[in-house]
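J.: Below are the features I grabbed from Swiss-Prot:
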- 1-20: signal peptide (SIGNAL)
- 26-253: domain 'Peptidase S1' (DOMAIN)
- Cys51-Cys67: disulfide bond (DISULFID)
- His66: active site, charge relay system (ACT_SITE)
- Asp114: active site, charge relay system (ACT_SITE)
- Cys148-Cys214: disulfide bond (DISULFID)
- Cys179-Cys195: disulfide bond (DISULFID)
- Cys204-Cys229: disulfide bond (DISULFID)
- Ser208: active site, charge relay system (ACT_SITE)
- 223-227: region 'Self-inhibitor loop' (REGION)
Amino acid sequence: MHSWERLAVLVLLGAAACAAPPRGRILGGREAEAHARPYMASVQLNGAHLCGGVLVAEQWVLSAAHCLEDAADGKVQVLLGAHSLSQPEPSKRLYDVLRAVPHPDSQPDTIDHDLLLLQLSEKATLGPAVRPLPWQRVDRDVAPGTLCDVAGWGIVNHAGRRPDSLQHVLLPVLDRATCNRRTHHDGAITERLMCAESNRRDSCKGDSGGPLVCGGVLEGVVTSGSRVCGNRKKPGIYTRVASYAAWIDSVLA
């Protein structure tokens with residue numbers, strides 16, 4: 001059995017007493033309009049927010065593979081229809097995870113292939129506050145300067161404050177050549193990855209696995225790589241979903 005498969009089994013069977021800290025790295029953003037992003041998911045470990053996610057089909061949520069690294073002994077669930085993580089909302093529902101499918105080439109020590117598909121225990125109840133997001137299938141780069149939306153429940157300042165309500169920020173896409181400069185990510189950004197500017201506004205810890213949405217279409221997923229949030233020389237890194245269209249389709253089939 002593949003190591004990721006063993007991990008996924010442990011995730012679904014275990015139940016730990018405490019939750020792991022949120023993974024990933026919205027900084028400098030603002031509170032989102034309630035339920036205006038019905039595709040948003042909170043991937044939770046033992047009842048606490050761990051990572052972002054995006055509903056891509058009635059029974060499937062896309063997130064980041066690295067999110068499971070801290071989850072081997074815990075119970076993973078997915079919260080849909082939420083704006084506030086703690087307050088009661090008619091649209092909120094917590095789903096168990098039937099199957100966790102990390103990309104087969106994902107590895108703990110690299111940001112490449114950092115994708116994870118979570119099959120919900122049943123099809124989500126769709127409505128105005130819960131709806132899948134169309135995702136990009138055409139494998140082409142988003143034009144530099146395009147403003148894209150990132151949303152999540154990740155930390156909102158360098159002191160580590162975690163929001164209860166969904167936050168979002170608009171970020172311009174950065175060209176790959178600039179992102180690969182020695183002073184930035186020094187050649188690490190492959191054609192399967194993309195960058196967005198991070199000058200005091202950025203995705204941050206707890207946002208990993210969340211969506212980068214450009215023109216109403218899912219273009220990228222926040223990676224879990226470790227870096228300083230909001231540093232303009234360390235732009236945000238996102239996995240391009242179009243590069244993995246065949247894999248996503250094969251899992252969802």
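The backbone N, Cα and C atoms fix where each Cβ goes, and this holds for glycine too.
Distances, neighbours, how buried they are, the whole picture for these features please.
T.: In this model, the domain 'Peptidase S1' (26-253) carries an average pLDDT of 90.
Its Cβ taken as reference, His66 (active site, charge relay system) is surrounded by 25 other Cβ atoms within 10 Å in the chains shown.
For the recorded site, Cys148 (disulfide bond), the DSSP three-state label reads strand.
Within 10 Å of the C-beta of Cys179 (disulfide bond) there are 24 other C-beta atoms, taking all protein chains into account.
Cβ neighbours within 10 Å of Ser208 (active site, charge relay system), excluding its own Cβ and spanning all shown chains: 29.
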J.: Out of the recorded positions Cys51, His66, Cys67, Ser208, give me the one sitting nearest to Asp114 (active site, charge relay system) by CA distance.
T.: His66
J.: Express the distance between the Cα positions of Cys51 (disulfide bond) and Ser208 (active site, charge relay system) as a whole number of Å.
T.: 5
J.: Where Ser208 (active site, charge relay system) and Cys67 (disulfide bond) are concerned, what is their Cα separation in Å, rounded?
T.: 7
J.: Rank the disulfide-bonded residues Cys51, Cys67, Cys148, Cys195 by the number of other Cβ atoms within 10 Å of each Cβ, and give the residue at the low end.
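T.: Output over disulfide-bonded residues Cys51, Cys67, Cys148, Cys195: least Cβ neighbours within 10 Å is Cys148.
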